[in-house]
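Novice: Relevant sequence annotations retrieved from TrEMBL are reproduced here:
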type     : residues  : note
TRANSMEM : 311-331   : transmembrane segment
TRANSMEM : 424-445   : transmembrane segment
TRANSMEM : 506-528   : transmembrane segment
TRANSMEM : 540-557   : transmembrane segment
REGION   : 592-708   : region 'Disordered'
COMPBIAS : 612-629   : compositional bias 'Low complexity'
COMPBIAS : 653-666   : compositional bias 'Low complexity'
COMPBIAS : 698-708   : compositional bias 'Low complexity'
TRANSMEM : 739-769   : transmembrane segment
TRANSMEM : 781-800   : transmembrane segment
TRANSMEM : 852-869   : transmembrane segment
TRANSMEM : 881-902   : transmembrane segment
TRANSMEM : 908-929   : transmembrane segment
TRANSMEM : 950-970   : transmembrane segment
TRANSMEM : 1244-1262 : transmembrane segment
Amino acid sequence: MTDSPLPLRDLSEPTPGRPRLAPAVTAVVVTLGSTRYLPATLRAVGAQDLVPARVLVVDAGPRADEDVPLLARGAFAALGAAAPEIVALHVPGARTFGDAVRRALGDVAPPSLVARPEREADRTWLWLLHDDSAPESPALSELLRAVEHAPSVAVAGVKQRTWTEPSRLLEVGVRTSRSGRRMTGIEDSEVDQGQHDGREDVLGVGIAGALVRRDVWDELDGPDPALGPFGDGLDLSRRARLAGHRVVVVPSAVVRHAQATYAGLRGLERPGADVDVDADGDGLADDADPRRSFAARRRALLHQRLVTAPLPLVPVVALLALAAGLVRALVRIATKEPMLAGTELTAPVSALLHPAAVVRARRLGRATRRLPRRALRPLQATWRDVWDEWRDRRLAGAEVRRTWRAPSELELRELAALATRRRVGLGALVVLLVAATTFGLGALAGPAASGAALVGPALVQASADLGGLTHAALARWVTGGLGDAGPADPLLAVLVPLTALLGGELARAVAAVLLGSLVLAGLGAWFAAGAATRSVGTRLWAAGVWASAPALLLAVGDGRLGAVLVHAMLPWVALGVARAVGVQRRDSVLSGLATAQREPDEPVTGEDGLDARPTAAPRADAPRASAGDTDALLPGPPDGSAAEEEDVETTRPRGALPPRAPADAPEGSDGSDRAAWSPAAEPLDEDVETTRPRRALPEAAARAGRRATASVPAAAAVAPSHEHVSAATVGPPPSTGSFAAAAGAALALLVVVAGAPALLLPSALVLLVVAVSAPRARGRVVLVLVPSLVVLGPLLVEAAGRGAAGWRLLAADPGPALAVERTAAWEQLLGVPAPATGLVPGLLPEVVRGPWPYLLGGAVLLTALLALLRGAPAARAVRVAWLAAAAGLATAVAGGLVQVAAADGAAVLPWAGTAVSFAGAGLLAAAVLGADGISARLARSTFGWRQPAVAVLATVLGAVPVLSLASWAWQAREGDAVRLATLDRPVVPAVGQQSQARPAASRVLTLTDDADGVLTWQLLRDDGAQLVEVAASTTTRTLRGPVDAPSLAEPDDATAEVQDVVARLAGATSGDVSADLAALAVADVLVPAVAAQPATGTPVDAEEQAALERGRADLVARLDATAGLERITENPAGAIWRVQPSAATPGATPVEVVQSWARVLADGDDPAGGVAVASNGNAVDARVEAGSGDRLLVLAERADPGWRATLDGRPLRAVTDGWRQTFELGEDGGRLVVAHRDPDRTPWLVAQGVVLLLTVLFALPLRRRKAGRR
């Protein structure tokens, strides 16, 4: 910190042609060849009020550029003999700005620059400039004035403004938080009005334009080379501060900085391209994208944190960097920035993989440090400062968006009218559906809300908690009966989040889906129809039709959970795909000022040289703008006009220019930030867009904006015109589609295919056709399939491994197999998948009862056929909808050829309702597209037969869904349309449930004698059959042979053993059955009461009831006479017997049997004996005592290679012992752990978890951050 007695400036008065010189200043301009910015920067240096005595132009490009010396000499040619000493140097291989300066000054600089006396070197200054940093004429003079009377100043920075818009600020000094967060205190695009000119002492300054004392530069050895081009000024300033020097900013010294490296503009120079166009006037070139440099900036920041952290905290900082990288990557995915998400993960790893650079930087900083780190704290930002700046940015962004959205009074009135109509319509729909649900299912809602389980012909109990459901969904072992290997139904996985939201009880989730099915289906159809039409009436009709579809009502009546979810989620798939492609309809409000702007006299010329102004039209329902390659899918009337008064496109005054987007406006999904943003991206009310005159911009930006405006097709939007009054030149920019909508569609499709795997093929077909029709959205549309393919992967692999029989697995429905009569193909086309007599009120005359179930489907089919007459641009959308209908109908017909499982000794076919719902969705979509805009088309034609005919047809079409819902509600209340019931008492008495619990985890054998004398049995691990214990992968194994003509599969050894024991019980055998039952881990035998048997929903007449009572009484008598069974009690749940060995002779001691699921046996012992091992019925984690001899661990479960057992961490060898899973235990004791672990499960779980997490994050409705400065 020595003062310089020599003047820093030439204090003599300048003479004409001779500028004043700064003899102690060497300007160093570093460039990468002859860039587009270099000439302006060199000219700015030559135009200084105080010219540096020496100018060193350093070319750091890989090859010497001959233009650099010419540009350097040419910039100072006007100074003549008074020009400074100019040296152009080439330093190939320089990695950073600091490296280039060091090499130029030390290694290759001529002697005139380095051979200075030591004391003179202490008094010289380096003026450091990038090739894209052009100083204003007083810059150097102001810097020298600031340092010549402040000997403690070693680094003096400048005020930086933007290159394209010099009135906007970049920075006036920099400070950081203690964690290294960089803060400038300047908002994006902030105009310089001198509001920050009071700053002086700062923590850091930008290196571009900085004046650095030469001795300090040499002492610090320049910036840390590991930082690259980012953070070097802050690093140099920070180390200068710790070395005992001052760092100041001189606001009166101004430099225009293009930040070409930061903005990713390097290498974008193309012939004829202007990378400096800034049409929006925000100071950042339109081609700029700071995301291109994000990886280097993030690595530099993490490196700097490792360097500046106290040594004991370096490991903590490293771990936090890795953890923060993961969190930040997830946030980037949620904000639709997947490319940056990868950078967030790799940047910490990259920084940590260069420990030598960190060690070198810390050593250099320690060598020059004279002050403690706490000396920097007054200049650092506090956590409150960080919070305040973040809050201010958020509030400012919200205010900008609010200003953009703020409608005028005329717009407010129109918006209020639109909102009122829509809310009234939606409210009426909800009231209708809730009323129908309450009237039809109200008797079930109360018990279900109090915890009673819903059961039905296709629905078993769902009493599992969240943990049990999750375990069953992820396991590759189905626990029903004696267990079997196979993937669980994907339906269980999609029920996990809903169960978690409803308190962790699966029964609540099942009840919510079934009892709320009509409301869920109607709401989904309402919102999906909004993508095809903005007519409230048409949307109401579509929602009513979808909620009253026979496919849904029949599925609800049987308790087909998967089919109900399919029907409820199909509209959301359609809506998501439409939004992903960007073809959804939107409400638009015409600004009152749009028709008040007079047409400019001069023509607006487009890129093709033609007049780009639109021709004024006399109607407000003029053609819409094309949406790139997705316009063919855009719904619209056949003549290209707008559909209704609601569908009028937005318009803007002619010649108006686009204003600046908000700082956090969403970016286009195609990666083009500014071009994709528009107020339409953030609708006011659902899908409402407003238009208002655009703000004026600076002249240069206005010219560029006028060119961009004129490039929009003239047919984009036309508004009502009057004489000499023109409509707008530009409507809303075409939508580029939504990645979030594609992710939402993917999640909805996942639910659909989980409820009906057979729909994967038609869904894939339709999506591929949509992708071909919309090339720009092809990637988003194809990605809709990915989560479904990954989640269904184990099921698809299992199906492929079975060969032709795998079609059974894909066609089977989740849940228990249920025989049902199928309808003909023409009936399925009309939306009826099964006989629907239960939906027809008995009060109707016979002539009406026959066609009643087909009226709704006939109305939809008729409207869909008429939609085929629509012209472009709706024609292609209608054809895609018809393709979906055809694919669904083909799936339904093909399903009738595949017999999937055995039920009651006969092969059953899959439920056709899911495929019929798929076909119905396509027909309804076509119908809505056909009905869109009908009122506007009728209004344009003279009054005739069309208007009354359409009115009558609309009345009939509107009445059909209402009557269908009313008839279903009546029939459901009478018990004909709904065969669901609630269980208000346990299926297994408490004494049986006691045996099923830990530690024994025994089973209960239920026996039921039907009216025909057929005895059926079931092994229960819980209070009745459970949804988590059933899977299509196991039920489909009951058939073998061709899929269209199968035969019943022979029972395996395990099933044969159970059947043998049941036969002995049915025949009242004289032998003791306790050992046989105990070997199956059966502790109790239950004969349910007739009234307590699981509800089938089928009415039982008095004669059948008497037959069931007689059969049950006979079975009870036989069991009472069976040795090895001891009746415990009989209650409303039924009669129950405890498995209890009987004495061989009177007075003898009975032989003990072990009824535990897991037991330890001596080699050769009876499987019914041994020592019980505590378990939970599907796994063991308990201690076993040491024993003698060769011992075996036997599970009452089917053997499978996936079973694993360890004793104190030592794997046990599996051995063959019949059908039971058996391990060699040996003599040792210790902690025994047994579980089923499929080795192929882990990769699938990882893939499914990653894909689902990414999909959920993409689906979050978060805006992509604008690529602005930070």
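Numbering starts at 1 and runs along the chain as displayed.
Glycine residues also receive a Cβ, built from the backbone N, Cα and C atoms like all the rest.
How buried are the listed features, and what sits near them?
Specialist: Here the transmembrane segment (311-331) has long-range neighbours at 302, 305, 341-342, 344-345, 347-349, 351-352, 358, 362, 1253, 1257, meaning same-chain residues at least 6 beyond its ends whose C-beta is under 8 angstroms from one of its own.
Through the fold, the transmembrane segment (424-445) approaches residues 454, 511, 515-516, 518-519, 522-523, 526, 536-537, 539-540, 543-544, 547, 556, 962, 965-966, 968-973, 977-978, 980-982 of its own chain, all at least 6 residues removed from its boundaries and within a Cβ separation under 8 Å.
Same-chain residues lying 6 or more positions outside the transmembrane segment (540-557) and placing a CB less than 8 Å from one of its CB atoms are 425, 428-429, 432-433, 441, 456, 514, 517-519, 521-526, 528-529, 563-564, 567, 571, 831-834, 836, 838-839, 853, 856-857, 859-860, 911, 913-914, 916-917, 920-921, 924, 927-928, 931, 957-958, 960-962, 964-965, 968, 972, 977-980, 1097.
Nonlocal intrachain contacts for the transmembrane segment (781-800), taken as residues 6+ away from its ends with a CB within less than 8 angstroms of a stretch CB, comprise 476, 486-487, 490, 493, 573, 576-577, 580-581, 742-743, 745-747, 749-750, 752-754, 757, 760, 763-764, 767-768, 770-771, 774, 806-807, 809-810, 1033, 1240-1241, 1244, 1247-1248, 1251-1252, 1255.
Below 8 angstroms of C-beta separation, residues 545, 548-550, 638, 827, 829-832, 836-837, 839-840, 844, 878-879, 881-882, 885, 920, 923-924, 926-927, 929-931, 956-957, 960-961, 963-964, 967 of the same chain, each at least six residues beyond the ends of the transmembrane segment (852-869), sit close to that stretch.
Beyond the ends of the transmembrane segment (908-929), by six or more residues, the same chain brings 458, 525, 528-529, 532-533, 538-539, 542, 545-546, 549, 551-552, 554-555, 560, 562-563, 566-567, 570-571, 574, 635, 755-756, 758-759, 762-763, 766, 811-813, 817-820, 822-823, 828-829, 831-834, 857, 860-861, 863-864, 867-868, 870, 874, 877-878, 881-889, 891-892, 895-896, 898-902 to within a C-beta distance below 8 angstroms of the stretch.
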Novice: Under 8 Å between C-beta atoms and at least six residues away from its ends: which parts of the chain pack against the transmembrane segment (881-902)?
Specialist: 758-759, 761-762, 765-766, 769, 807-809, 811-813, 817, 822, 825, 828-829, 833, 864, 867-868, 908-910, 912, 915-923, 925-926, 929, 1032, 1035-1036, 1038-1039, 1043-1046, 1048-1049
